[in-house]
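Now, the feature entries from Swiss-Prot:
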| type | residues | note |
| --- | --- | --- |
| REGION | 1-223 | region 'Pyrophosphorylase' |
| BINDING | 9-12, Lys23, Gln75, 82-83, Gly135, Glu149, Asn164, Asn221, Arg308, Lys325, Tyr339, Asn350 | UDP-N-acetyl-alpha-D-glucosamine binding site |
| BINDING | Asp103, Asn221 | Mg(2+) binding site |
| REGION | 224-244 | region 'Linker' |
| REGION | 245-432 | region 'N-acetyltransferase' |
| ACT_SITE | His336 | active site, proton acceptor |
| BINDING | Asn359, Tyr360, Ser378, Ala396, Arg413 | acetyl-CoA binding site |
Amino acid sequence: MGKKSIIILAAGAGTRMKSDTPKVLHKISGKPMLYYSIKEALKLSDDITVVLYHQFEKVKAEIEKYFSNINFVIQDHKNYPGTGGAVMGITPKYEKVLVLNGDMPLIQANELEKFEINATIVMSVLELESADGYGRVIIENGNVKKIVEQKDASEDELKITTANAGIYQFETKFLLENLPKLDNNNAQKEYYITDLVEMAISQGKVLKPLVVNEENFKGVNSKVELADAEVIHQNRIKKEFMKAGVIMRLPDTIYIEEGVEIEGESIIENGVSLLGNAKIINSHIKTNSVVEDSIVKDSDVGPMGRVRPGSELTNTHIGNFVETKKAKLTGVKAGHLSYLGDCSIDEGTNIGCGTITCNYDGVNKHQTIIGKNVFVGSDTQFVAPVNIEDDVLIGAGSTVTGNVKKGELYLTRAKAKTIDGFFYKHFSSKKK
């Protein structure tokens, strides 16, 4: 396949989203919509230009978190609004240039490869059951002959179900020669990229239609369409993992973000959320658990466990209502209702119900270090920083405020006190 330049249009405000967030930064599976257009474009080209305008600094800053090898230009929206105005002033590196939209997060590189057709313009089209609401594309003898907007279409033209999908490939020479000829003599006073199609037809150029998959070329203009697109994207992610051998219980209830990795003989149960750069290796994530930006290897989590960013679990059991954050646990059992944050716990250690690492003093976070074969009784608080050596027993109800040496018993508990007959005296005094 010959090299080509790619321009991605991402300048619009997206007013139908009804949001202060720029349209292309609304997220699907944890990443901005624009991320996906760029990701797929980079599979085809090393000359990527993203056209911005609305909140361009915010969009640029967000996208630069993911990509460093693309170009950004700011559209002269005041003088040259519209899709045609967006590509003005760009000089593509290669002889062909593909123009994509930043609000098509379902686009895939293998579909874009199909634009490799010998023509002045290759225009993506949809074959629909009903093209109501779309501009119609008139095709004769395999060539595009006309584009007509629905409001301008004749009765016969309205019967046509071939519609414009909104992505084009141009010969760069034609594009650069004809962009200066565009005008804004229309109701919106904008410069339209579709006018280049009319110019090419009038010049007798070859314009080829490319029938594309409607799902892949779905544009997102509202939050309803955003939700619809995310459902499709989620299904794609989960099917790829299941094909690779991952078991998923009721996959429609599972949410997996872009960037998550799942390897080996892993089981993901219903209601699970895997977020950020979570990595699951040979592990069982049980019902309604959340794993975010953490590594879980040869372990089980949940049900209703929460593994927060920076955790690393190896050969570990995390039970119901246990939360970890920045916790390195190796060969640990924490079965019930505990918070383990900013800690390192070694193999053979059992964490009793209600254990808390008190890691924050109101200003700074502090570490709790627990060694091997430590038994932590229920309702224990570790007031960090503390270091618990190997083979230690922590009595239930203890508040640990200092280091504990190997082999010791640590116990902080008030002496029990009983008062004979107190119940009867206490309540009888209230009955009058």
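Quick reminder: no glycine exception, Cβ is built from N, Cα and C everywhere.
Residue counts of the region 'Linker' (224-244) by helix, strand and coil are 20 helix, 0 strand, 1 coil (DSSP-based). Comparing C-alpha positions, Lys23 (UDP-N-acetyl-alpha-D-glucosamine binding site) sits nearest to Tyr360 among the recorded positions His336, Tyr360, Arg413. Here the Cα atom of Gly82 (UDP-N-acetyl-alpha-D-glucosamine binding site) is found 54 Å from that of Asn359 (acetyl-CoA binding site). The two recorded residues, the residue listed as 'active site, proton acceptor' and Asn164 (UDP-N-acetyl-alpha-D-glucosamine binding site), show a Cα separation of 57 Å. For Tyr339 (UDP-N-acetyl-alpha-D-glucosamine binding site), the nearest neighbour among the binding-site residues Asn221, Asn359, Ser378, Arg413, judged by Cα separation, is Asn359. Here the Cα atom of Gly135 (UDP-N-acetyl-alpha-D-glucosamine binding site) is found 17 Å from that of Asn221 (Mg(2+) binding site). Looking at Arg308 (UDP-N-acetyl-alpha-D-glucosamine binding site) and Tyr360 (acetyl-CoA binding site), their Cα atoms lie 16 Å from each other. In the predicted structure, the region 'Pyrophosphorylase' (1-223) carries a mean pLDDT of 94.
Residue pair Arg413 (acetyl-CoA binding site) / Asn221 (Mg(2+) binding site) shows a Cα separation of 62 Å.
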